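Asks: Below is a structure I'd like to ask you about.
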Amino acid sequence: MPVVCSSCEKKNAVLKRPKTGLSLCKDCFFWAFEEEVHQTISSARLFTAGETVGIGASGGKDSTVLAHVMKVLNERYSYGLDLMLLSVDEGITGYRDDSLETVKRNQQQYDLPLKIVSYQELYGWTMDAIVKQVGLKNNCTFCGVFRRQALDRAAMMLKVDKICTGHNADDVAETVLMNFLRGDIARLRRCTAITTGSEGAIPRCKPLKYAYEKEIVLYAYFKKLDYFSTECVYSPNAYRGHARAFLKDLESIRPSAIVDIIHSGENLSVKEDVKMPVQGTCMRCGYISSQKLCKACVLLEGLNRGLPKLGIGKHHKLHHKLLAQEPLTEKEEKKLKAVDF
Amino acid sequence: MCQVDEDDHHAQLETKAVLSVSQKCMKCKEGSAVLIIRVGDAFCGNCFREYFVHKFRAMLGKNRLIFPGEKVLLSVSGGPASSALLSQVQEGLRRETSKKLRFVPGIIYVDEGAACGQSLEERGEVKSQLESIFRASGFPFYIVHLEEVFNLPSSVLLCASSASDRRNESYKEAVDGFIQRASSGTQSETRQGSISYKEVQTLLSELSTQEWSGEGGTVTNRSPPFTPEQTEAVRTLLASVKTLTAREELLKTLRQHLILHTARVRGYSKVMMGDSCSRLAVKLLTNISLGRGAFLAMDTGFSDPRYGDIAIVRPMREYSSKEIAFYNRMFRVPSVFTSALDTKEPEKASIHRLTESFISKLQADFPSTVSTIYRTSEKLNTACPRPIADGELTEKCLLCLCALDTGAEEATAFRATLISENLSRNRMPDTIPALGVAKQQCCASGGEQKESCGDRVDGCHSVDRTSFTPELQTLLCYSCRLIIKDMTSVNSIPQYILSEAERRKRRAQMKEEIQDFLLNPENDAGEVTVS
């Protein structure tokens, strides 16, 4: 016998919400999903009226749904925001060029301005070239660090007030787990914050922070939204994969585990006498950094000199050498070269 | 790589020596190595023993929590870590005067056979094996059965204030004073153990001897102090919990209450648990997944002060399970295997099992996983208790006695879950669900058949669910709520929990009535004298 939607109790239910286990009909689900995002935005006071907001769009499901929901809510509740799409081209053939087509389609569908920046024009390196030098193991570090800066630079070019990204509950939970496993206390504190960034940097927020990944897919499926879904070809070797597999298993045992982990992460507190990195600016490019040189500059320097391991692992002592343009000793150089197998 | 503060890994890669059979011990450099711990440290037998013993004593000495002459209850489950704990305490008490450990130990074992479905014969067998180990140690021991959970008083759930005179005395003064008293000849060292033993005897003779506990040398042939109905009640209670995860958590809570009660009654002020480093790493990750992030420091730190008068201490927390296993084997420490709730269960049966296998697999690829997790946990603090508006001491969770973390402030995960609940039932996003949780249970499970369920918005209860459930929810912390959510019926919960819940509810109602007339913040919320 068909199940009745537990919300409106009139229509037949077409899906079961992974988050609550209840069965809902299509419209009630749309309404519940959008309403939850709206509650997140209003209770965390993410935006103020009249702001220009850049939506980080990759063409994947999270950013497509984010763009759609932001547009809907902006009209429904009169946020008064100016929305635009920001996209980053990392230069991964077969992956990024296809998803960029999706972003361009999104732009036409939602009628929002779009800006694309590429690693090639910002740094002079594409991800394919980087992977050729670095190998398959640490490349996610490069991509992540470069992308963050790229997004900020694109936002500055467009004079955007805030950036919002499509990080969902699964992403935040994975990040909490990963930071715990790696012992990264500094990031543990910050990763569950819904808005990150401080003075000098453009704040970035995650309106979809409490939305399950599965629900995002359900939403996109029933709304017939168009998105591009393939895994990045370089991702299988990432450490995050372990945390993700663990999280998926947890979800199968107890579906609320994802939100439970976020709840745990929000309530963690660190002892006062633990050393925390102090925020400053990079001496070369002026970007925010806790060391003398920001991570992107260090990584770039390593790439340009053919020493790809510079930036992976801790080499604070080498930073001042790099700044002063001194040559590195042979021993140091040997350590920093890529490992050949 | 996975570690943030990793050093020159590749330099190590080139110079790593091949482990050979005739390697020398890295400490004394003379004896031939018999085992390797951590990544490459080779030890000979004697150096290893020294290392092991030294670590235990350093742990106790560094933390300065155990005062001389204090009564400490060792909770032994029969497993390798707690057996190693017992042997370390025995070892420590055997030493010469100056280096002797200065506390008075007792042993407690909680028999959970009822939970695992073991027969009385099996339980009796395990019990006799353990009894012989305990007797050999010479400490007073208590064997407590899970069925006795139904006899607990509700004062177990209250946090008693700690003995105030202790706090004023600094550790050093206490030790000095103790040494002086000892050397002045009024108490000889050798009689130390037997004096406490006699104390325990007198205490016991005052209490009603219902418990089936063996002391010292007496042979007990009394019938077990629990009835088959109680065994059945335990089984029903655990069967009413639907998931293994919640069942394990509930069992853990009941076990803690039993140990706590025994310690209080017998006059012990500290309880030592045998959690090893590996076990703690698993526990940390499990607790994060269960939503206990606010209490990580208490659940896994060296000392756990949440009960007020009794502190839980974990001296084995720096030993990896590999070290313990080697030690037990080399120095023939006896241990008994008892099956637990999750023995022989598949990997994904519960969150605890899953985390354990996850960390073991990760440890194989990244050998520093466990120690990194351990170090991270040391940097954590318990979240500051948010004071309730009227200034009263923060309320404690009914089951786990930690400060409540369900503040439902703006923009938290907890609030998001409440909103989702409401939205899925077509209520305004901001109403706190009054009977919402009760409904979710039966709607979700019986969704297929109970089509008319949705009609009676407020009256839809499963038959045996009392009105306790929503009230229990507000008295619990986030993760204990999840346990109760998994239970089909609240009736099988032991009476002491239910009556304490009732009492708190009544008190809260009273408070609400006189809210306008209260002037100063009350501070009697947590202090109760345990009689």
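Note that the numbers count up from 1, one per residue, in the order the chain is shown.
Yeah, the Cβs are placed from backbone N, Cα and C, and that goes for glycine too.
Note that TrEMBL annotation is computational and uncurated.
Feature annotation from TrEMBL assigns ATP binding site to A:Gly56, A:Ala57, A:Ser58, A:Asp62, A:Val88, A:Gly166, A:Asp171. Annotation source TrEMBL lists domain 'tRNA(Ile)-lysidine/2-thiocytidine synthase N-terminal' at A:53-232. Here TrEMBL flags A:280-310 as domain 'Cytoplasmic tRNA 2-thiolation protein 1 C-terminal'.
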Asks: Minimum Cβ neighbour count within 10 Å among the binding-site residues A:Ala57, A:Val88: which residue?
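Replies: With the binding-site residues A:Ala57, A:Val88, fewest surrounding Cβ atoms within 10 Å: A:Val88.
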Asks: Assuming the binding residues for ATP are exactly those in the record, A:Gly56, A:Ala57, A:Ser58, A:Asp62, A:Val88, A:Gly166, A:Asp171, what is the maximum CA-CA distance in angstrom, rounded?
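Replies: Of all Cα pairs among the recorded ATP binders, the widest measures 19 Å.
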Asks: If you count Cβ atoms within 10 Å of the Cβ of A:Asp62 (ATP binding site), leaving out that atom itself, what do you get?
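Replies: Excluding its own Cβ, A:Asp62 (ATP binding site) sees 24 Cβ atoms within 10 Å.
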Asks: Work out, from DSSP, the number of helix, strand and coil residues along the domain 'Cytoplasmic tRNA 2-thiolation protein 1 C-terminal' (A:280-310).
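Replies: Helix, strand and coil residues of the domain 'Cytoplasmic tRNA 2-thiolation protein 1 C-terminal' (A:280-310) number 11 helix, 4 strand, 16 coil.
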Asks: Please give me the CB contact count at 10 A for A:Ser58 (ATP binding site), counting all chains in the structure.
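Replies: A:Ser58 (ATP binding site) is surrounded by 23 other Cβ atoms within 10 Å.
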Asks: Tell me, how many other CB atoms lie within 10 A of the CB of A:Asp171 (ATP binding site), whichever protein chain they belong to?
Replies: 21
Asks: I'd like the Cβ neighbour count for A:Gly56 (ATP binding site), meaning other Cβ atoms within 10 Å of its Cβ, all protein chains included.
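Replies: I get 23 for this one.
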Asks: Per DSSP, to which secondary structure element type does A:Asp62 (ATP binding site) belong, with helix, strand and coil as the options?
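Replies: For A:Asp62 (ATP binding site) - judged by DSSP and reduced to three states - the answer is helix.
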